[in-house]
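Written below as structure tokens is the structure these notes are about.
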Amino acid sequence: MDFLRNLFTQTLGLGSQKERLLDELTLEGVTRYMQSERCRRVICLVGAGISTSAGIPDFRSPSTGLYANLEKYHLPYPEAIFEISYFKKHPEPFFALAKELYPGQFKPTICHYFIRLLKEKGLLLRCYTQNIDTLERVAGLEPQDLVEAHGTFYTSHCVNTSCGKEYTMSWMKEKIFSEATPKCEKCQNVVKPDIVFFGENLPPRFFSCMQSDFSKVDLLIIMGTSLQVQPFASLISKAPLATPRLLINKEKTGQTDPFLGMMMGLGGGMDFDSKKAYRDVAWLGDCDQGCLALADLLGWKELEDLVRREHANIDAQSGSQASNPSATVSPRKSPPPAKEAARTKEKEEH
């Protein structure tokens, strides 16, 4: 194995010196880079962790995650609820769950509005999201700003490929909340929201945007994702080798051995702690607090006001101040832990 590792390292240049664009592998270093002329195009890669403060569970947390709370649906295993083969035979569990998680019942979080600020300041190249809650759209991102890698509730289609009739979000919502399994008006087969189930291909837009975006990205900001689901997880390796990557998450993730990653076709993983680390920064903690800390360092004082204003608008439109109370601006932890879990060994080794 060591022989192969050395051979591939030399052949693929895995051990060669890379250009370092961050003067410090901390959130402060990322901030200074974002304020420089070198950083003009930012891609955000986001997962369920950016929506948990809105009251939407993530998938894999041991006690609070979605997979840990599906016993009432009597599934053969938790992931079956999102498998297309199981859905076609037993759609009822999915639609029961969909009623609980349906878009429109939750407000965007601080993370969502931070991404909107990136757009307003001309920095956002694209937001790639694994989420199907549509909160990026509610926060103000346009379809062209987004790659909804795992699909969306905005449209639905008949699962009968010879039919394929399209249905609107309002049509699907009416069916779900009437507790009726949505059936095609044309052929009576089940109608499924256009979210990507296990066993289905990702939308073509995912691959077309991936080809055009990552060759020119200046910074990756990765938030609230375990980076365990392919091919989304492989996006971290699509950026140029010099491009800095900031992870805002509860734990470090995406750390794949470069040699094994290349052998498996996943690309090089993230490196936060080794002596060769040169572009990856991890901020560990609540995603909203991480965005607040970064916004503070950037001088973007308007973030919290934006969240309050937009939440008030949503409440006014819904006619209820009680809707989604968990999504209000979370209390700031003082001071913002701007350096928390950024590569702390840096000064010891230099």
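Heads up, residue numbers simply count up from 1 along the chain you see.
Placement of Cβ uses the backbone N, Cα and C atoms for every residue, glycine included.
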Listed residues Ser53, Ser63, Ser318, Ser326, with the one flagged phosphoserine by Swiss-Prot
Ser63
If Swiss-Prot marks one of Ser16, Ser36, Ser178 as phosphoserine, which residue does it mark?
Ser16
Does anything in the same chain, at least 6 positions from Cys163 (Zn(2+) binding site), have a Cβ under 8 Å from its Cβ, and if so what?
Cys184, Lys186, Cys187, Asn189
Do me a favour and check the Cα-Cα span between Thr225 (NAD(+) binding site) and Ser170 (phosphoserine); whole Å is fine.
29
Nearest of the binding-site residues (Ala48, Ser51, Asn131, Lys250) to Cys158 (Zn(2+) binding site) - Cα to Cα:
Asn131
Sparsest Cβ surroundings (other CB atoms within 10 Å) among the recorded positions Ser51, Ser170
Ser170
Candidates Ala48, Cys158, Cys184 (binding-site residues); min other-Cβ count within 10 Å returns Cys184
In Å, rounded, how far does the Cα of Ser170 (phosphoserine) sit from the Cα of Asn131 (NAD(+) binding site)?
19
